[in-house]
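K.L.:
Checked TrEMBL, it gives:
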ACT_SITE  ASP66  active site
ACT_SITE  ASP364  active site
BINDING   LYS36, GLU37, ASP66  UDP-alpha-D-glucose binding site
BINDING   LYS203, ASP227  Mn(2+) binding site
TRANSMEM  436-455  transmembrane segment
Amino acid sequence: MCPTERQVFIEHLEHYAKESDYPGLDVFICTADPYKEPPIDVVNTALSVMAYDYPTEKLSVYVSDDGGSQLTLFAFMEAARFASHWLPYCKKNKIVERCPKAYFASNPSWFPETDQIKSMYERMRDGVENVVKRGSSSHDYIPDQREIEALSRWTDEFTPQNHPPVIQVLLERGKDKDITGHDMPNLVYISREKRMDSAHHFKAGALNVLLRVSATMTKAPVILTLDSDMYSNDPQTPLRVLCYLLDPSMDPKLGYVQFPQIFHGINKSDIYGGELRHVFQVQMSGMDGLAGPQHVGSGGFFRRKIFFGGPSETPEMNQDQLTSKSIRSREVLAMAHHVAGCNFENQTKWGTKMGFRYGSLVEDLYTSHQLQCEGWKSINCKPKRPAFLGNSPLNLHVLLNQTTRWSVGLLEIAFCKYSPIIYGVRSINLLSGLGFAYYAFWPVWSIPLTIYAFLSQLALLNSASIFPKVCISSMVL
Ligand SMILES: O=c1ccn([C@@H]2O[C@H](COP(=O)(O)OP(=O)(O)O[C@H]3O[C@H](CO)[C@@H](O)[C@H](O)[C@H]3O)[C@@H](O)[C@H]2O)c(=O)[nH]1
Ligand SMILES: [Mn+2]
């Protein structure tokens, strides 16, 4: 039991891995509602990771749109065009802040092309915001026939809860080039199939579709999960992760590297405690001193294989590599649509032994507990410059909604057969298990807290004493 803080030296990475040996990286970004999570913010998150200091031929970004919204797809079509200017701009000028919204808001140093890039960004932003305000994209503004066809899949029968899968490759590396002629990373939009009569399992279901679709296209050994509002704040983050994953002396059971969620825009007094400092700054370092921190939904770099069995098992994955084929080829797209179907998981181990686990709204804690019970370890990575920055609830209504969702999800974990107090007590060390149990039973705190909030006032009104008198003998204890 020893709270752990770690440090890596990225400049030493080159001593034990050449750039050509870096593993592929698939980034998963989830969004679920174009009105609650504005598409321009999701686009900013995607652009910030597309501009990572990582070999472009190894980088792919997959966006899951559970809102099944034409508006989000339209925003990404615009983003793909803007990316061809933004990525070379960042790399040429060694920009650190690669989320365009944050960059232009930060009063950046001015380069000769900054004015032009800024006005391009503003044009894209205004275009996307106007389309969201109007509620639909007008085909007159779209120059590309392929894009018009993609957007015309939104027919009258198409609703967010009932629609076929939509998968659109917006950028393909090796084919699409930026304005300087360099490759751009893959960018793929996915809206999985939804039917009223089949369970979609919320975010866990979306992530499992991303796991499968990416396996038909790129199958990178390393995966990063991000919420739509968590943009990258440091382009060197994947290299930092490689310092752990490629370290020859590292425990081979290391399954994932977790970054804390850090929020921006919280007011100084943080009246709702939205910073969650006890979780992200204190408890995760403590868990790191045991078997490792839990996954916190966003900012987790996973080895793909951990979703297919324990460290000693041979992963039950289809080994046929499709990576040599174009991701726009008919075969690859047919397979991708097939695995994004809502009946694909029937009678399979998805959600029980494979992928993100179903059964709790807090799928991150639930899945990472089970992964640790299977023997996987994790690491908490907390660099000085936050790797990601996200939004936290800024009003009481959103906060109460989030707390209710978390409480329901945590109690689902506390009282199921995978409850940390009964499941894995032998395979995971006792203190780690207690750590997970502490989270799972966290909503129970509401009972003593509510009593404490009312009892003293009621006692005062009724002139009753609730505390022992100083003179009684038990007070000595
Ligand atoms: O059916 C769904 C529901 C949610 N999401 C996405 O999941 C993410 C998190 O959902 P949000 O509504 O923002 O929940 P929060 O309570 O803010 O999220 C915290 O808690 C979740 C549950 O533990 C974690 O998954 C998140 O990473 C963590 O930031 C967002 O990007 C959503 O777009 C989906 O993709 N499909
Ligand atoms: Mn959120």
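Each Cβ is built from the backbone N, Cα and C atoms, and glycine gets one as well.
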K.L.:
Below 8 Å Cβ to Cβ and six or more residues apart, same chain only. Which residues does that give for ASP227 (Mn(2+) binding site)?
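P.N.:
Set apart from ASP227 (Mn(2+) binding site) by at least 6 residues yet with Cβ under 8 Å, we have ILE29, CYS30, GLY297, SER298, GLY390.
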K.L.:
10 Å Cβ neighbour count around ASP66 (active site)?
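P.N.:
Excluding its own Cβ, ASP66 (active site) sees 22 Cβ atoms within 10 Å.
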K.L.:
Quick check: which same-chain residues outside LYS36, GLU37, ASP66 lie with their CB within 8 A of the centre of the UDP-alpha-D-glucose site CB atoms?
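P.N.:
Filtered neighbour residues, in order: THR31, ALA32, ASP33, PRO34, TYR35, GLY67, SER228.
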K.L.:
Quick test of your reading of the structure: among the recorded positions LYS36, GLU37, ASP66, LYS203, ASP364, whose CB sits under 6 A from ligand 2?
P.N.:
none
K.L.:
Tell me which of the binding-site residues LYS36, LYS203 sits in the most Cβ-dense spot, judged by other Cβ atoms within 10 Å.
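P.N.:
The largest 10 Å Cβ neighbour count belongs to LYS203.
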K.L.:
Which recorded positions are spatial neighbours of ASP66 (active site) here, meaning Cα within 10 Å, out of LYS36, GLU37, ASP364?
P.N.:
none
K.L.:
Quick check for the class: what is the C-alpha distance, in angstrom and rounded, between ASP364 (active site) and GLU37 (UDP-alpha-D-glucose binding site)?
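P.N.:
The Cα atom of ASP364 (active site) is 20 Å away from the Cα atom of GLU37 (UDP-alpha-D-glucose binding site).
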K.L.:
How many other Cβ atoms are found within 10 Å of the Cβ atom of GLU37 (UDP-alpha-D-glucose binding site), counting all protein chains shown?
P.N.:
21
K.L.:
Provide, as an integer number of angstrom, the distance between the C-alpha atoms of LYS36 (UDP-alpha-D-glucose binding site) and LYS203 (Mn(2+) binding site).
P.N.:
15
K.L.:
Within 10 Å of the Cβ of ASP364 (active site), how many other Cβ atoms can be counted across all chains shown?
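P.N.:
I get 21 for this one.
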K.L.:
For LYS36 (UDP-alpha-D-glucose binding site), what is the secondary structure by DSSP, using just helix, strand and coil?
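P.N.:
LYS36 (UDP-alpha-D-glucose binding site) sits in coil per DSSP, no helix or strand.
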K.L.:
I'm trying to understand the geometry here, so how far is the Cα atom of LYS203 (Mn(2+) binding site) from the Cα atom of GLU37 (UDP-alpha-D-glucose binding site), in Å to the nearest whole number?
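P.N.:
Their Cα atoms are separated by 14 Å.
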